[in-house]
Amino acid sequence: MRPEIEQELAHTLLVELLAYQFASPVRWIETQDVILAEKRTERIVEIGPADTLGGMARRTLASKYEAYDAATSVQRQILCYNKDAKEIYYDVDPVEEETESAPEAAAAPPTSAAPAAAVVAAPAPAASAPSAGPAAPVEDAPVTALDIVRTLVAQKLKKALSDVPLNKAIKDLVGGKSTLQNEILGDLGKEFGSTPEKPEDTPLDELGASMQATFNGQLGKQSSSLIARLVSSKMPGGFNITAVRKYLETRWGLGPGRQDGVLLLALTMEPASRIGSEPDAKVFLDDVANKYAANSGISLNVPTASGDGGASAGGMLMDPAAIDALTKDQRALFKQQLEIIARYLKMDLRDGQKAFVASQETQKTLQAQLDLWQAEHGDFYASGIEPSFDPLKARVYDSSWNWARQDALSMYYDIIFGRLKVVDREIVSQCIRIMNRSNPLLLEFMQYHIDNCPTERGETYQLAKELGEQLIENCKEVLGVSPVYKDVAVPTGPQTTIDARGNIEYQEVPRASARKLEHYVKQMAEGGPISEYSNRAKVQNDLRSVYKLIRRQHRLSKSSQLQFNALYKDVVRALSMNENQIMPQENGSTKKPGRNGSVRNGSPRAGKVETIPFLHLKKKNEHGWDYSKKLTGIYLDVLESAARSGLTFQGKNVLMTGAGAGSIGAEVLQGLISGGAKVIVTTSRYSREVTEYYQAMYARYGARGSQLVVVPFNQGSKQDVEALVDYIYDTKKGLGWDLDFIVPFAAIPENGREIDSIDSKSELAHRIMLTNLLRLLGSVKAQKQANGFETRPAQVILPLSPNHGTFGNDGLYSESKLALETLFNRWYSENWSNYLTICGAVIGWTRGTGLMSGNNMVAEGVEKLGVRTFSQQEMAFNLLGLMAPAIVNLCQLDPVWADLNGGLQFIPDLKDLMTRLRTEIMETSDVRRAVIKETAIENKVVNGEDSEVLYKKVIAEPRANIKFQFPNLPTWDEDIKPLNENLKGMVNLDKVVVVTGFSEVGPWGNSRTRWEMEASGKFSLEGCVEMAWIMGLIRHHNGPIKGKTYSGWVDSKTGEPVDDKDVKAKYEKYILEHSGIRLIEPELFKGYDPKKKQLLQEIVIEEDLEPFEASKETAEEFKREHGEKVEIFEVLESGEYTVRLKKGATLLIPKALQFDRLVAGQVPTGWDARRYGIPEDIIEQVDPVTLFVLVCTAEAMLSAGVTDPYEFYKYVHLSEVGNCIGSGIGGTHALRGMYKDRYLDKPLQKDILQESFINTMSAWVNMLLLSSTGPIKTPVGACATAVESVDIGYETIVEGKARVCFVGGFDDFQEEGSYEFANMKATSNAEDEFAHGRTPQEMSRPTTTTRAGFMESQGCGMQLIMSAQLALDMGVPIYGIIALTTTATDKIGRSVPAPGQGVLTTARENPGKFPSPLLDIKYRRRQLELRKRQIREWQESELLYLQEEAEAIKAQNPADFVVEEYLQERAQHINREAIRQEKDAQFSLGNNFWKQDSRIAPLRGALATWGLTVDEIGVASFHGTSTVANDKNESDVICQQMKHLGRKKGNALLGIFQKYLTGHPKGAAGAWMFNGCLQVLDSGLVPGNRNADNVDKVMEKFDYIVYPSRSIQTDGIKAFSVTSFGFGQKGAQVIGIHPKYLYATLDRAQFEAYRAKVETRQKKAYRYFHNGLVNNSIFVAKNKAPYEDELQSKVFLNPDYRVAADKKTSELKYPPKPPVATDAGSESTKAVIESLAKAHATENSKIGVDVESIDSINISNETFIERILPASEQQYCQNAPSPQSSFAGRWSAKEAVFKSLGVCSKGAGAPLKDIEIENDSNGAPTLHGVAAEAAKEAGVKHISVSISHSDMQAVAVAISQF
């Protein structure tokens, strides 16, 4: 059979087999069963590229056949040919024979298994245990030139040897990186001495062959150097190059040449870090040697044993006893020598043992004491008495002046947005809180907002104005009055309901009988039936009856006995309730009106019963404490007054414990600070959450003059008790207060402890609630006594309890409370009554507290018995009443007992009653649940299983909808039209700079996710999804998972599907922990750990060191450096050198410093540029900060809707796209490598220098994305870089050097910068912050009292800016207008970082007596219209003279001159010149009118350009670094600017301090701030500084700034200011304006056309963004320029060259021939020229030329249109494609006709209907009226008209023939 037929048949067979394979089911499970069960196969070998089927077979064996094989003794082998070659071929290692000379070794135990384990761990399949002898030698062969070439290339490319194909040249392999190519060529030159011509273009195999001829087979300088570096930097200490070669020789039998080959291969397999031990190094070498053998096609031999035999375990074995016998004498000698030396040195060798024995005895004694203490007190007690008080952690809140303005503004907008619609209790409560903080600053602030409230916008604005005016009046009235606690909330009662399904619901509902606290006081005074008691007369009558019944007791009937029992009970009850009520000497006659409930009720039941109020005071007598009408009357008067007029605590100092969230104490605390008190409150659970709770409380309730101090405190600790009181009274290191009130409410529950289970917790509780409470009072007494404060006793509100063991199961709780009552007697018996007064409050049932919340459900049932339970609000009101001056005065006379029990003490068996009520509720619930369950079962039986589906509640969980939104476009009628009248056509749009895109990479991901966190303080579901993607927690998957098709998110680690709605729940905690400001994560900074910051210490060695081995080159370098202090000698066997450092040589020894800057703002953990699509080779080449810049550039373009950067070149020339991105420092990683790593001689890329330049990052942007030839400017402005960049970009566009610019800044975080900032004391000290109780997230606190330095951060921020005209033409979104950019330096000084005030010059002006008329936009409009008319007249005159010019030139050059071409070009020039002049006029009178005018400040002028004033700047984003000096200086600068420019009083800016969230990224700072302000413009939401817990008092004087701590939704921001300050006297400011002011310069048609473009672009960007997320392709690097190489110079030199879509590939690229430049108005110009030529060719004719601006015709003015156009022409114009242009053309034509008749125009108001323009080919007008008469008088026979349009104007030529 012929070969060709064989080949054809083989091909056919292969195709058929493959078809069969693909078409048939695999049935592998069945196949396995046949092989394993039916055939019982024991040895299976897989032949294939990987161990696939074998792995499946192993799993099948383990799951199905393991027990079967064990039972049948079947042993199976699963082998794969590419891993188990030796086992398949039965190629076993030779067994070493036993040595005859040591017969006993056979019986000895085998040697340690450790070496064997090491061998098993090695990846080499042929590895075996170390042997007694060397391996058999392998035939040696030197390395080839190709081996070295390929290795050097692979090592430089950081690729495996197999990934470097030999058929490719170096130029192809480096991928266009010329620097890398030059490095490789340099290495080859160093290695071989010389290289062939153009080695970069020669394939590697040819290059190696050409070098082989002159190659000597030895390693050259470069390869030897790399190998030496590998061994010294990655091998363990002592394992030098000689040891490496010796191991390769003895282990594998490799000669010098083969060793070279192995070491060359090792260069391409270099470990990431130094290998830890010698066995691990040998494992690495084994792996390399085996791969070398596989590559070289040789077989490595196993080492053989030396001698005649060897031990099976690899070495001769000896009996340990024999070894011990051999060494016994030696050890004895050593011991003897040691003892002699010790005696000589007078040392006791047993000192340590003796000390240990003594310490053991001491330890036993101490341990016994500890055990005893532990046994007696228990673990809970031990941990519960640990002190926690720390004055450093004290938080002081006193900035009520700032929170007042914040609350007033929030309330204003709440009313405007309809959240507060009616004047309800909540509004009244807010008003009272604002009144309590009333101050002149607040009044000015409110007055401005109310005076400028735009009531025409709707009812809510009118309501806001009405309420605001009323509130202002109220605030004025209380301006000099003390703040008061006044609660206007509705009193509530308990309500427990059980629905039909048996669900128990408890809620607080308003009490119908008490709508306010005044009613509540009345009810408390009235008491109830349960608190009734018999008066004196009734008791006497009852006693007489009882006496009579006793006398005839033996004759009593059954009914009489019952009567006797009832009477007796009444008498006993009356006596027990209040014995002194029947004694006239105490309270007088019962008929005398008393201050009790019966009097208040109006009808005392004299002679029958009276009531005790639910709230009453008791007085002590000889029998105990009894209800006192007199004292109770005083107390109820106080409560009534407090409910009506409020209660002030101004000037009072209070200590509170036990005021945690949800407690009575917290409500009391609110009342105290509302009343102006200074309170120190303690917390046993000190944390950020707790301090934020108290801060929020103070911000809401804190009144003028109040102060809240929060400290950590454990009342179980005696040390804390003393330290706390010392802190309060210490005038230097503490508060320096003298206490007026002590409210010690701290307690811990002891539920479930009866008398037989009193434990450690009970003892601790007793200590807290009794022992240390008394200690606390004692400490206060001692301090008052020591300071001589005898006339200012502190009132103690003792928390008593009615529970005197009544409830039980509460440990020592009742004993603790009962014991407090001894203080009532001690007050008399001890000597502290001058310092402390006692008011004991028996606190009743208070619902919702931690102790009583479990009983809420039965509270309603208990109240039905006639008693009263209390809400926390009510009980706090009761307690605050006890702190009123009247009660305080009573306490100074005698201790006061306040019974606030609500009559609860009158209920017998309360516990049983509660149990019964709870049982009834639960039984009812259970019955209803059972009924519902039964009904459901019945329903299923009757109607089917699925019948309930329609009735079940289904909660629809929202899915993530990741939007990619452009800014909201304003509506024309509501937002733009009101501005259009003044702004239309008033600016030169080519000179207006707008922001069309922005982006950032920072600690919170990107600008979208950062805004979510900044605006709302949390991530949405969409934000979590995007952050999870950014951090690599999830990725998108589209394909099969577990046999099912799946498209969606999967977990990156497990590959398991993750539903987007579950992303927030699953990943949010991790995201928050690893984003933002946090502890430095070493893995993000190449292992940098600030706790172990490495420094080098130089030392001089004092004795010769042991020699070590190095290469000849390295050894000579040591000799060169150290001279005689080093010895070097050659090792003859290896050619290496030994080096010995001698005495006097210097060494640099690393040491670790514990650095205190532990926290920084870091990009989210897991951020990876690969995820965005940046190629691997770029990531390895560039500095990490370059990656930030590249990602930002891609995202900035995407936010502008530009998905292909080459799209710019459809609209502008290559030279008009600029790059102004800058940095403060640049590539810090590159700088670190260049200076530190290079100094330490670490491996480093050769072109590291280029990556350190600050402009390199911009270069990479251009090389990978833009390919532009536009201006590149690289600002370096330290922390102000980004704003300086905006300034440069703005000027570049305004000056016409570019039309598009990328601006922004970037900087990285690096340990060197962190250390030097710390040395300057500029940054926050994390250790100090931790000591002050701050979390990392709190450490950046701009404007606060405790700010302590800025927090470093890293990232990049960017904006894409362009001229407004280009933005409109492209249809890109416009985020904001850049109205002004300025930079400034400062004065003479010596401090580089000192903050300056040079930016004040932005407001520089020296105004005249009257404001400049240029500030009036109407005045400027008049001037502009006048200038436009002049330009049109000039244009008309130039067109009229064209023919004469042409005739004159033709007369001089009759042959070559073409009149038509000349006229065409000149007319186009006139048209262009007219447009230029008009734009110049717009620029001069619109954009630029204020420049060089000392009467107008740049800031004022920039705003006036858009019709705005300084009062309309809504927000200011501050540099706000959280340093003491900057925050104060910056606020001062802004305030001075506003004041100087006449901003109205009270019109305070809202301050944004973004760095509390992001930290300070230096170069990127201004860009992030600017981005945030653009988001504020779009949303109207002003984010607050959430870390502003207490604004510094020094900021109060800056009255033009509000410092919000929470986000405030406004009704719109018109303009903003961004200020930025940088080290080195850099100050910068940017003013941004809402884009609606730009749209107001357009007409409606232009705006609608733009809107359509933007919407189309947004859809395209949305698709691109989502594809980028799914495919990791947001960044797409360009591989080539948009033009072919041969077109480069043509494209560069032709400013009109533009790209076009390639018909085949759809790529944007420059066509071979530039498009013919066409003037937009060429056709219209041609028509004008033809008309003029016709006119000059016609005798007896007169020409009229008129030019009109298209936008000068107001077509919306119907009256005007009626006067100039008849109905037929109006209809024609309205139907035209551009009605505006058509109307302008008709107007121009009529004016031209007038001019051709020789009649002067009568102006815009003249009726032009007399001239009717026909639409025929001649365009002959029909004249009527005055026009017809004028034509008749002039003898006009015929008139023709030609009309033409351009984008901006209409030109008409009329010719009248006579």
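For all residues, glycine too, the Cβ spot is worked out from N, Cα and C.
Straight from Swiss-Prot, the features:
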type	residues	note
REGION	580-606	region 'Disordered'
REGION	651-848	region 'Beta-ketoacyl reductase'
DOMAIN	1097-1634	domain 'Ketosynthase family 3 (KS3)'
ACT_SITE	Cys1279	active site, for beta-ketoacyl synthase activity
ACT_SITE	His1519	active site, for beta-ketoacyl synthase activity
ACT_SITE	His1560	active site, for beta-ketoacyl synthase activity
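Taking the Cβ of His1519 (active site, for beta-ketoacyl synthase activity) as centre and 10 Å as the limit, one finds 30 other Cβ atoms among all the protein chains shown. When other Cβ atoms within 10 Å of the Cβ of His1560 (active site, for beta-ketoacyl synthase activity) are tallied across all protein chains shown, the result is 30.
In the three-state DSSP assignment, the secondary structure recorded for Cys1279 (active site, for beta-ketoacyl synthase activity) is helix. Looking only at the domain 'Ketosynthase family 3 (KS3)' (1097-1634), the predicted model's pLDDT averages out at 94. DSSP assigns His1519 (active site, for beta-ketoacyl synthase activity) to coil, not to a helix or a strand. Annotation note: His1560 (active site, for beta-ketoacyl synthase activity) sits in a strand segment as assigned by DSSP.
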